[in-house]
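Contents: one structure, followed by commentary.
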Amino acid sequence: MPLGLRGKKKPKSKENSKLVENEELGERAGFAGRSTTKAATDGGGLPPPPVNLRPKLVFHTQLAHGSPTGRIEGFTNVKELYGKIADVFHLSAAEILFCTLNTHKIDMDKLLGGQIGLEDFIFAHTKGIKKEVEVFKSEDALGLTITDNGAGYAFIKRIKEESVVDKIKVIGVGDHIECINGRNIVGIRHYEVAKMLKELQKGKAFTLKLVEPTKAFEMIEPRSKGGKTGGDAKIGTGRGTLRLRSKGPATVEDEPTEFEEKAVKKVDDLLESYMGIRDTELAATMVEVGKDKKNPDEFAMALDEALGDFAFPDEFVFDVWGAIGDAKEGRF
């Protein structure tokens, strides 16, 4: 998408997951004492690589509302990860809304996305109560920040205090947005969902169908806690991470450099400012694409090649290019 010229918009391996000892919920939440904060990417792209190319790393997992502990391995992207978790707990993968790392709580700073610390413990949040809510759009902005789980579900990552949605207490952080005005949006990326909500007419009511995560009794808490974001949250864990990719095999990588951490945080902030989403995996992809480009037009064309399913505003592309340059020069 050169600036101003945008016009376009295997057989499964042998089951190796198994349940292990029955542990109390939360007992392993501090498994590694660390978290990653990478947002999900979509699971499309090339077919999964052969089994012999997949990292043979074992991760421990539980259902966030309580379950025995399971062990999973042999996945290379988010969809496969959900499938492994579903198999070990005898669920449908479609029941999993999102996962958090090292905590069973609905903590948006601990979302599992495109990168997992090698010692991270995975908690899966499953579908709970369905609800239908009518919202009167009294302001241009609803006060929502949207993200997605990398497998077709957009959900609420943040609710701004004193916003239109904040006044509707039945809507909470972590709720999956299933329908808008009767239109099913499962499978639609979060930036498109944010655009749809933004374009709803001010001064009129609309209807949301939502699915909230299943909650254990001790997990019920003021919803505002789930929407806070930590400015110092790390992308990697410091001892190596497993990078999940929608195209090609997963790879084990070192912790991000200071440049990468600062650039990704700034780009993620720009995503929220321009588009109403937070997605550190998308931000990381943009940084990776742009770090060796010589000018904004070259960067825009590379973005179009990597993320051609969505045309980003020219102003946004310029600002992202500037943020990457600032990080390179240490101006943050």
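FYI, residue positions are counted from 1 along the chain as it appears here.
Each Cβ is built from the backbone N, Cα and C atoms, and glycine gets one as well.
Sequence annotations record features per position, and here TrEMBL assigns compositional bias 'Basic residues' to 1-12. Annotation comment: TrEMBL describes 13-27 as compositional bias 'Basic and acidic residues'. Residues or ranges marked as domain 'PDZ' by TrEMBL: 132-199. Per TrEMBL, the feature region 'Disordered' maps to 1-50, 222-254.
DSSP assignment over the domain 'PDZ' (132-199) gives 13 helix, 23 strand, 32 coil. Mean per-residue pLDDT, taken over the domain 'PDZ' (132-199), amounts to 93.
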